[in-house]
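Quick look at what TrEMBL lists:
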- 221-243: transmembrane segment (TRANSMEM)
- 284-311: transmembrane segment (TRANSMEM)
- 317-342: transmembrane segment (TRANSMEM)
- 354-377: transmembrane segment (TRANSMEM)
- 383-413: transmembrane segment (TRANSMEM)
- 444-467: transmembrane segment (TRANSMEM)
- 473-501: transmembrane segment (TRANSMEM)
- 513-532: transmembrane segment (TRANSMEM)
- 544-561: transmembrane segment (TRANSMEM)
Amino acid sequence: FDFCQAEGKKRPSENLGQVLFGERIEPSPYRFTFNNKETCKSVCTKTYDTTKPEDKQKLDFLKKSMLLNYQHHWIVDNMPVTWCYDVEDGLRFCNPGFPIGCYITEDGRPKDACVINSEFHEKDTFYIFNHVDIKIYYHVVENEALGARLVAAKLEPKSYKHTHPDNPDCSGVPMDISNKANGEVKIAYTYSVSFEEEKNIRWASRWDYILESMPHTHIQWFSIMNSLVIVLFLSGMVAMIMLRTLHKDIARYNQMDSTEDAQEEFGWKLVHGDIFRPPRKGMLLSVFLGSGTQILIMTFVTLFFACLGFLSPANRGALMTCAVVLWVLLGTPAGYVAARFYKSFGGEKWKTNVLLTSFLCPGIVFADFFIMNLILWGEGSSAAIPFGTLVAILALWFCISVPLTFIGAYFGFKKNAIEHPVRTNQIPRQIPEQSFYTKPLPGIIMGGILPFGCIFIQLFFILNSIWSHQMYYMFGFLFLVFIILVITCSEATILLCYFHLCAEDYHWQWRSFLTSGFTAVYFLIYAIHYFFSKLQITGTASTILYFGYTMIMVLIFFLFTG
């Protein structure tokens, strides 16, 4: 964007999480001194001559960004500068960004932020917010010798057509740029800053303003109750089946005295000779289980730390950094689990198993990520990840994660295979004709619905925080939902597994992985719905990016739930 640039200031450095999320912090040309009030101070003036093609291009870019409601995000002392405005019911909403400008349509309808001022009424016109009134609130520290702490920063975006850009007075008509304007357009950027003492906000609680401006918490409790009801219902079902049927069966076994009765087996006891037959594609299943374990532990630890408040929005990029580092360090459990299962499936090719565990799923994620990055590079976006960071991520993966996976696999293969309580028959049993409900596909499709029902309200807030730049701070809720999701996935799978074992179908390994793994497909459908209903994304590159990143999330979620 062609805004005022800061001269000769060093860019702040970002951490790994910020780089991966595409957060870039630029130095600002707006200079403040503490407790030094400024009114209507000029920053710079930009002149566009629409007859010159490069000037016209810059102005058109500015217009397009106003049309799409692009936002400035400013930071003072690590605090986002918020723009607070009244919404209905006398509530105030604080937005951590403010728009570049706004547009009045050809039929005189104000779009987005143009509703805040009745002076914005010219048809087919853009109004640019070229003046900001910044108010900085501070808290004087009583017991220490000198100093005050900044506790909040708020601003009001204004639009003024400065008649004398060199000597601005910040009054008069708004700065309008007509859509059909020709000739010279002059935009003067100015600011005012004032300081106010705020005794009520402590420095430690200066992030609480986010909580006030987001009245979503009651929805959260509703969704948690909703999920808990599902969990109770499932637990009841599982407990009832286990107690009733298993109790009955065991009682019947204990009553048997003569051997003739023992021949009349039924239901799931008929398949005892085939239940531990190794699954088809056992290699792939063991690799998925290894990667899934890695992701499960990573999610658990990350959310646990986030609950304790280590990864709050105040530490920018901490969440992503934590997740990536944990994922790299958790290669050992992945290798171990994959090796244990592969060995118990009677597999021999242990080298292939280790290599697939360390390269298959991470490789897919990295390849997807790399392609997205190429698109960002091609578009010249500032969110593109520099080459150095890519090399650093590859180094983390090859030099730390892969060796750890090998160590885990070594211990996994050294241990004896998991002992099966019953012997597997030589000849596979015939599987009888299945009813519609116990066929693989309907069972798998039904299995994903319940876990998805537990999470979809949380999903809405998470997608908002990723795509709509809203702060996400409800880690306590998220941790609860995570635990509920784990329980629901397990119980739904146990139930469906029991049903199809009763129908004498003994191919349970892949099916139990896919039953709860199918939740990821519902996640994908929801993400597509979110894309079309909530986001106004235009352009091929942006669409490809949205779905590219969504596919990474879906794959991780699939491995995790499975």
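The backbone N, Cα and C atoms fix where each Cβ goes, and this holds for glycine too.
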Ranked first among 221-243, 317-342, 354-377, 383-413, 473-501 for CB pairs under 8 angstroms with the transmembrane segment (544-561):
354-377
Cβ under 8 Å, sequence separation of at least 6 from the ends of the transmembrane segment (221-243): give me the contacting residues as numbers and ranges.
450, 453-455, 457-458, 477, 480-481, 484, 487-488, 491-492, 494-495, 498
Please tell me whether the transmembrane segment (513-532) and the transmembrane segment (383-413) touch - that is, whether there are at least 3 C-beta pairs under 8 Å between them, with each pair 6 or more apart in sequence.
no
Give me the stretch from 284-311, 383-413, 473-501 with the greatest number of Cβ pairs under 8 Å to the transmembrane segment (354-377).
383-413
With Cβ-Cβ distances below 8 Å as the criterion, list the same-chain residues six or more beyond the ends of the transmembrane segment (383-413) that contact it, or say none.
16, 19-20, 22, 24, 290, 324-325, 327-340, 343, 350, 353-354, 357-359, 362, 366, 370, 373, 376-377
For the transmembrane segment (473-501), find every same-chain residue at least 6 residues outside the stretch whose CB is under 8 Å from a CB in it, and list them.
210-211, 217, 220, 223-224, 227-228, 230-231, 234-235, 237-238, 241, 267-268, 271, 275, 296, 299-300, 303-304, 306-307, 311-313, 434, 437-438, 443, 446-447, 450-451, 454-455, 458, 461-462, 508, 511-512, 515-516, 519, 561
Let me spell it out: take the transmembrane segment (284-311), skip the flanking residues so only those 6+ beyond its ends count, and list any with a Cβ under 8 Å from a Cβ in it.
318-319, 322-323, 326-327, 330-331, 333-339, 341-342, 345, 347, 353, 356-357, 360-362, 405, 475-476, 478-479, 482, 486, 509-510, 513, 556, 559-560, 562
